[in-house]
Amino acid sequence: MGGPLGAIIGRYPSAAAGGEEQLGGTGGTGIIQHNRRCRDIAFLVLFAAFWVAMIVNSSFGFNQGNPLRLTYELDYKGNVCGDKHGDPNLHELDVKYWMNPNQVYQSGVKDSKVNLADAKAICLMECPIPAVDGLNFICDYPEGDIHLSVDDWINRDYDYFEFLTPDMRNSSLQLQGPCYPVIFPTVNVYWSCQFIARASNVSLKHWHEMGGVNIDENILIDKTVHKAIDSRSAVLKRYVADIGKSWPVFIVCGGILPLFLSVIWLLMIRYFVAAMTWITVILFNALVISVTMFCYIKAGWIGNDPLTVVIGESDPYVHISGREISHLHTVTIFMTAIMVIAFLSSIAIVRRILIATPVLKVAAKVIGEVQALIIFPVVPYFILAIFYMFWFSATLHLFSSGQVVRNDCNTDCCSYDLKLGKVNCDNCCGYSIHYTPHISIAILFHFFGCYWATQFFLACSSTVIAGSVASYYWARGEISHDIPFVTVVSSLKRLLRYSLGSVALGSLVVSVVEWVRFILECLRRKLKLVDSARESCFGKMTSSSSECCLGCIDWTLKSVNRNAYIMIAITGKGFCKASVLATGLIMNNILRIGKVNVIGDVILFLGKLCVSLFCALFAFLMLDTHKYKSAHNKISSPLIPVLVTWALGYIVAKLFFQVVEMSIDTIILSFCQDAEEHQGTAQYAPPLLMETLDEQSELQRLTQGP
């Protein structure tokens, strides 16, 4: 350890403490007194520069992005359906409809030069269906010689065939526009009109009687549109769009609900600590089972209510496994495995739960005396809430910040141009959204920034709590009238004045390791897909070993970080020195505190999972309502909103559960230091903690022998 810390923590005045900061106004016997100075300033500057970069990066998204692109498609002019700034105004026209059925068919033919992205499409209010006893037409946006307003065009069901000149009628019969026949039924699937390969015999008969050209009929016309709708890029866009549509769910289930549940849990720990360990374990298993069963129901494996959130009753492909359905099946299998593991793990730790109860009682006593600890997490909670609102908005804009550019195609096509007043064969290419590589880099940086900022705010909260609890431990009974609020405020002041750089360094270390793991995992998966057939046993073993090692390093760093924040709060040292001090204390007392700390962490982890799982289940139920199955709020899949809600619930729970978690760790580290300074017998430890740790020590002596 390099010497005791009596001059740094505790009541001992020291010769070097002439300029100490004192807490509680107790003269020369302050709770935490030492010379402090700013530490790790370079990393504080780096963190400030990172925030500037985050703002610039987000500004690019806000300037270039349009979240409507994530939900709606482009018409043949490059307008986003539903965009009131389009030409014409498409505010209420949000469904994409391909006008020429032969182009749709040919785009699905192998080796065809026609691409579906180049097929002529316009935006409508709803997908058209063939007439029962005649023939309907869908005509192009009114312009040129067609003197109709957009509202009149909509009121006429997009049909002004009767106003066409003979030349226009002839070109329309050749499927060159400006009007096209409605031969196939269509339905709205993710705001695109999905063709159903069952042509209306009546409409087709009228079309042939008028002299219309032959129209291709085949199941290929169904599959072509479905393939475009079910592509990976389309699914990703829909998932991101689901985040924007589900913001009420995030506020209720990811913000308000976990706040309420976490405070309730802290109060119950305060007053019913003996029962809370058992309640937490039982509730955790019940919630895992509930979420798993709900996944089975929505996957269609139990009951008769599958996929109503995922696709909707009007989709003709409700029986075809699209990507969203496959993802839901995967999550269901994953939750089944989690349920089995959770049940077996609960049985394994039942006998050890009693060990954790005394330590939780000590933490409950600290919360009872330092009452501001229950209120303090509200401060980082609101800071994170504001940050996440900004971050989610920037995410939607970044994902939609590609440029709308005209496709480079060699398609031979002709269509009637109302502005030119003739058939034009030079305007065959459609529009698509072009994403440049720097957008991908901007998105990755945006996600890394979110993780680092989250870790930073959590670390700040941990450090403030640790400083408050250390003040309580080392000043037992001496300034009890100051403990409820002054200790928390003073700990916060010390953090803001001296230790922000150290916290920035600690949070950066965790973030970098996590992202290295993420990048290596992505590379491993790509290599596995490229060379899966030739992958050797040695390669598989190497890959698994590296992933396991990275996981262990990550877990170790997080554990060291948590204890380092405690020593930063107590000693005012820099991050690296505080990590060394914390690690030395733990290694010197590993047998004494190991079981107590591990079981306590397990119970707290289960408590955080209980809060986040309850939030996820409630989000599932909210998304299973009519609001998110119809109209513009219709989501493509509940998976991403539920996962985001789970993550938000877990972060909020972590903020509040840190009060108990850091209380336990701080008291144990303080106990270890106290014991080292007093020849193995702690002088300031609460009696309950003394009994618990002495019992553990005695048990070790009995089991290890002389």
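Just so it is clear, glycine is given a Cβ too, placed from its N, Cα and C backbone atoms.
Taken from TrEMBL, the feature transmembrane segment applies to 41-62 (among others). Within the chain, the transmembrane segment (41-62) has long-range Cβ neighbours (under 8 A, six or more residues past its boundaries) at 390, 393-395, 397-398, 401, 442, 445-446, 449, 452-453, 456, 500-502, 504-505, 508.
The transmembrane segment annotation in TrEMBL covers 247-268 (among others).
Per TrEMBL, the feature transmembrane segment maps to 275-299 (among others).
The list of residues near the transmembrane segment (331-350) in space but at least 6 beyond its ends in sequence, with Cβ under 8 angstroms from a Cβ of it, reads 281, 284-285, 288-289, 291-292, 295-296, 299, 301, 599, 602, 639. Annotation source TrEMBL lists transmembrane segment at 331-350 (among others).
Per TrEMBL, transmembrane segment is recorded for 370-391 (among others). Within the chain carrying the transmembrane segment (370-391), a Cβ under 8 angstroms from the stretch's Cβ atoms is held by residues 58, 255, 259, 262-263, 266-267, 270, 446, 449-450, 453-454, 457-458, 460-461, 464-465, 468-469, 472, 483-485, 487-489, 648, 651-652, 655-656, 658-659, 663, all 6 or more beyond its ends.
According to TrEMBL, the transmembrane segment annotation covers 456-475 (among others). Cβ atoms under 8 Å from those of the transmembrane segment (456-475) belong to residues 9-11, 23-24, 26, 31-32, 47, 366, 369-370, 372-373, 376-377, 379-380, 383-384, 387, 483, 487-488, 490-492, 494-495, 499-500, 503-504, 506-507, 561-562, 565-566, 568-570, 651, 654-655, 658-659, 662-663, 665-667, 670-671, 674, 684-685 of the same chain, restricted to positions at least 6 beyond its ends.
Per TrEMBL, transmembrane segment is recorded for 495-520 (among others).
Taken from TrEMBL, the feature transmembrane segment applies to 564-586 (among others).
Taken from TrEMBL, the feature transmembrane segment covers 598-623 (among others).
As annotated by TrEMBL, transmembrane segment applies to 635-657 (among others).
Remark: the transmembrane segment (635-657) makes no contact with the transmembrane segment (495-520), by the rule of 3 or more CB pairs under 8 A. Non-local neighbours of the transmembrane segment (598-623) in the same chain are 246, 248-249, 252-254, 257-258, 261-262, 265, 277, 280-281, 283-284, 287-288, 290-291, 294, 298, 309, 349, 352-353, 355-356, 359-360, 635, 638, 641-643, 645-650, 652-654, 657, 660-661, 664; each lies 6+ residues outside the stretch with a CB under 8 Å from one of its CB atoms.
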